[in-house]
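A short worksheet on the structure shown next.
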Amino acid sequence: MSAPIEEPGEVLAADGTPLKRSLARALRVQKLRALMLIAPLLIFILVTFILPVADMLYRSVENQIVSETLPKTVVALESWDADSGEAPDEAVFAALAADLQIAAEQKIHTKLGTRLNYENPGMASLFRKSGRQVKKWDLETDGPFKEQFVDVDEDWADPEVWQTIKTYAPKITAGYYLNSVDMKLGADGVEVRPESERIYLTLFGRTLFMSFVITASCIVLGYPVAWLLANLPMKTSNLLMILVLLPFWTSLLVRTSAWKILLQQQGVINDILVWIGLVADDNRLVMINNQLGTIIAMTHILLPFMILPMYSVMQSIQPTYLRAAKSLGATNWTAFWRVYFPQSVPGIGAGSILVFILAIGYYITPALVGGTSGTFISNRIAFHISISLNWGLAAALGGILLAVVLIFYYAYDKIVGIDNVKLG
Amino acid sequence: MSLPSYATTGEKAWYYGFRVITGLIFFFLIAPILVVIPLSFNAQDFFTFTPEMLRLDPEGYSLKHYRDFFSNSDWQHAMVNSLKIAPMATVLSVSFGTLAAIGLSQPHVPFRRAIMAILISPMIVPLIISAAGMYFFYSRIGLQGTYIGVVLAHAALGIPFVIITVTATLVGFDQSLTRAAANMGANPVTTFFRVQMPLILPGVISGALFAFITSFDEVIVVLFVGSAGQKTLPWQMFIGLREQISPTILAVATILVAISIALLTTVELLRRRSEKLRGIA
């Protein structure tokens with residue numbers, strides 16, 4: 001490939017192409033090669049990790065079940081005025097009979113009932129009961145269906161039931177997200193749930209509050225240790241570093257089980273306290289299955305993540321600054337507070353964000369030592385996936401948690417840079 | 001750092017007081033892990049020190065919890081599963097991760113920051129969210145409840161660690177060495193295996209160990225993505241801790257602590273060797 005010479009005096013590469021173009025091509029090849037090396041992993045992560053998370057986010061708004069199970073009813077309901085205060089007319093009931101008969105044969109009407117039960121308790125039994133009856137009806141001759149349905153269950157005359165079906169007819173719903181912030185999609189738009197049904201905002205609040213307490217206790221405990229490690233001679237600090245790194249490498253479950261054993265009422269700490277005489281034998285401290293247990297265990301588990309970034313920042317602080325401050329007349333405290341501490345703030349910031357991000361999504365430790373008062377939002381997500389089977393709500397709770405974490409991740413990237421994460 | 005001879009009494013008090021405080025924090029860090037070890041030799045089914053143990057009476061100690069671990073089929077099945085899943089996940093993370101880390105450390109990489117953010121994200125996204133997403137998605141494509149599903153999931157979780165350790169090793173890598181090799185007629189594959197690989201090997205191995213321990217210790221994802229057939233050691237421990245807590249857990253915990261110590265030592269030795277190789281230390 002030989003390009004024509006366009007301008008006289010242009011610098012040419014050995015093969016006759018203009019140097020500028022030849023360099024640009026070399027750069028392009030280089031970029032392409034780098035991307036080719038990254039591509040396999042990127043695809044791998046996309047398929048095994050990013051797509052699953054995207055799937056979860058999709059499930060948090062997905063709501064095809066109503067329009068798929070009751071296609072004719074949904075269309076017929078469009079002309080019904082939800083504010084009329086009356087149940088819809090015969091046309092809608094006929095459509096419902098037709099839809100429900102098909103659904104009952106495929107045995108999917110109970111699924112729909114379960115789905116609508118999340119929004120309006122009582123719908124599950126309504127659908128189960130009606131499905132059984134509808135199967136016996138003859139669609140051609142058994143009309144009018146309105147009375148028949150009301151005979152099966154009076155709830156069918158209740159406009160609220162129909163409002164729920166109409167509200168959740170669209171294929172995409174914000175219902176799960178509203179649910180996760182203790183609101184619901186009523187007939188007249190968004191409304192706050194009654195006091196007795198509000199749990200999630202409290203739970204989010206508790207998760208944030210406890211993560212904050214854990215982060216703060218990690219700062220308080222981590223700062224002196226990091227300072228000591230950064231200021232001791234290399235040999236000693238390397239040795240002491242093992243005491244920080246060993247917990248970091250030890251299985252999470254080992255550490256959690258250790259705390260479970262230590263904090264029990266018949267456990268080692270209570271035994272020692274009784275032996276010293278600080279606590280009466282019949283009055284042992286309750287330190288487990290509550291918030292205190294979660295905070296103690298998680299502070300211990302996350303402390304290395306605070307110490308390591310602090311240490312690497314403090315290592316780079318010149319001791320000469322402190323000496324200079326003191327020689328200029330600063331007291332020890334002023335020298336520390338005005339000279340040393342400001343320089344160590346980036347380490348505190350990096351460690352805090354890391355610990356906070358890790359704490360907010362914790363599941364195992366709160367599940368094992370948290371009891372009922374020390375659980376996090378993650379425990380609720382797991383509950384909805386494996387026990388209550390309300391996957392949409394689990395996905396919405398997860399979506400909110402993910403958003404919070406990503407905000408902090410972004411901040412971490414801006415402040416520290418992901419490239420600067422160090423392990424050990 | 002040592003106390004100067006002209007230090008006042010107050011300074012002396014602070015100096016020693018500070019050391020006592022940090023000593024207590026170190027104790028807080030390490031004691032819970034160490035306390036598990038003697039308790040695992042308890043001859044009784046208690047989770048605390050018996051009077052016999054405190055008297056250092058040999059009667060108070062026994063290996064019965066270890067015998068239980070090695071003879072109980074549930075625990076053995078779980079251990080075999082762990083030893084099957086973790087190495088496979090490690091191989092996947094390391095091979096993809098090392099290639100990508102080499103790509104990322106090239107001088108001109110478009111969208112480097114964004115790619116890095118995506119590759120590190122499995123470490124940042126809360127495990128419960130990864131587990132939920134993987135559970136939903138893997139059930140759609142029929143990977144839920146299979147070994148392959150668990151291995152893929154664990155490989156994804158291990159990748160950030162490989163990327164971080166290998167890119168850190170490559171920071172000090174002299175690119176002229178690969179150019180020299182190419183100059184002397186080596187093709188890219190030979191260059192990679194004969195020149196680049198030996199130099200970054202310490203980083204690759206510590207990345208592999210991180211990936212291994214990530215999979216080996218992981219509970220949440222395997223709880224959701226796996227089924228009873230893929231029950232791993234941490235899963236068995238989790239059940240044990242939640243339902244009927246048996247002292248066998250202490251024996252398992254002690255074995256896991258021993259493994260962690262071995263891994264930590266290896267990683268530290270590798271880090272020093274790598275720094276020596278690259279002329280940093």
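From the backbone N, Cα and C atoms, a Cβ is placed for every residue, glycine too.
Predicted automatically and left uncurated, TrEMBL annotations should be read as such.
Worth saying up front: this structure is predicted, and the values here are computed from it rather than measured.
For reference, TrEMBL has these:
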type     : residues  : note
DOMAIN   : B:79-267  : domain 'ABC transmembrane type-1'
TRANSMEM : B:20-41   : transmembrane segment
TRANSMEM : B:85-104  : transmembrane segment
TRANSMEM : B:116-138 : transmembrane segment
TRANSMEM : B:150-173 : transmembrane segment
TRANSMEM : B:199-225 : transmembrane segment
TRANSMEM : B:245-270 : transmembrane segment
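Each of B:20-41, B:116-138, B:150-173, B:199-225, B:245-270 was scored by its Cβ pairs under 8 Å to the transmembrane segment (B:85-104), and the highest score goes to B:150-173.
Counting C-beta pairs under 8 angstroms (sequence separation of 6 or more), the transmembrane segment (B:199-225) fails to reach the transmembrane segment (B:20-41), with fewer than 3 such pairs. Residues 33, 36-37, 39-40, 42, 45-47, 65-66, 68-69, 72, 75, 202-203, 205-206, 209-210, 212-213, 216-217, 233, 236-237 of the same chain lie 6 or more positions beyond the ends of the transmembrane segment (B:245-270) yet place their CB under 8 Å from a CB of it. Remote same-chain residues near the transmembrane segment (B:20-41) are listed as 47-49, 53, 61-63, 65-66, 247, 250-251, 253-254, 257 (criterion: CB distance under 8 Å, separation of at least six residues from the stretch ends).
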